[in-house]
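Worksheet: one structure, shown below.
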Amino acid sequence: MTIPYQGGWNDLRRSTDIRDPFSSFCKWQLEDVNLTHYQQLRVMYAIRGWSIWHERNFRPFQTEVVMEAVNKPHNISYKGITDLVTDTDKQSEAAILEVVKKNFKNHLILGEEGGLIGDSLSEYLWCIDPLDGTTNFAHGYPSFAVSVGVLFRGKPAAASVVEFVGGPMCWNTRTFCASSGGGAFCNGQRIHASRTDQVERSLLVTGFGYEHDDAWATNMNLFKDFTDVSRGVRRLGAAAVDMSHVALGIVEAYWEYRLKPWDMAAGVLMVEEAGGVVTRMDGGKFTVFDRSVLVSNGVIHEKLLEKIGPATEELKKKEIDFSLWFKPENYPTDS
């Protein structure tokens, strides 16, 4: 079974008299036609259908909770010594869950704060990070986002990342959307990964987890090595933002160990639909249930793996766990 794309859209627009998915008439129809649940799913995965549904029904719930809280004092608690969570994380996830459960009652949902809920036999799995980059948010540092990715049988099918930009007293947002086979967009404009073909001319991004172990030390060495041979390596602290920036073409690559599905589900689809490449850090085939990711513009991917691949293999010899982090029991996948 495949996700409805061009054919799905054609069937839907014939049945509801929608003509061109890019036209104002199309937008009017989507607002005014009372679509069935099945038709809503077909719209969601049709050409720009996800973007249209997202903009009208979903994006406000992704942004309003965080935007209301961003300039206010934060109530902070800790999941670990340095791994913090705010009330805004929880409130943002609650707002998103309300919309998803109302519109997609039979879907499975995995949230960073609330865990797994819903039908484990569903082919659809929503991976929700209600506030990616919580530490940045708590400090008012402009690198955080609300990230939502939808999997179909384990493969990214639709994605949304609302990035908060600007800074204290001048916050704004930009919205990244992607659908499988439908391209990647930022604020409604099609985006593409860069075509830079030399590491020496590339700007790179990485991230570091909270466990200061061998994997952390290895990535510190990679950070140093690539700083020596590239235009620089940045560490912004929000995986969904980092991957969206690769899709936007303003950086060439991003890698990190020990991410979770909600960190990666949206960003990896954004990169792929923008023409980039996604693998594990050992170069193997990637799934969102893996424990490492390397995304790039595709042109420099193999050159990056010349350093990152062997370093990751050495970690495996030290028995660092790179098995699948998590996959819901009974969840159907094609891989």
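Quick reminder: no glycine exception, Cβ is built from N, Cα and C everywhere.
If you look up TrEMBL, you'll see E112, D129, L131, D132, D263 marked as Mg(2+) binding site. Listed in sequence order, D129, D132, S147, A239, A240 are the same-chain residues at least 6 apart in sequence whose CB falls under 8 Å from the CB of D263 (Mg(2+) binding site).
Listed binding-site residues: E112, D129, D132. The one with the lowest count of other Cβ atoms within 10 Å of its Cβ is E112. In the three-state DSSP classification, E112 (Mg(2+) binding site) falls within coil.
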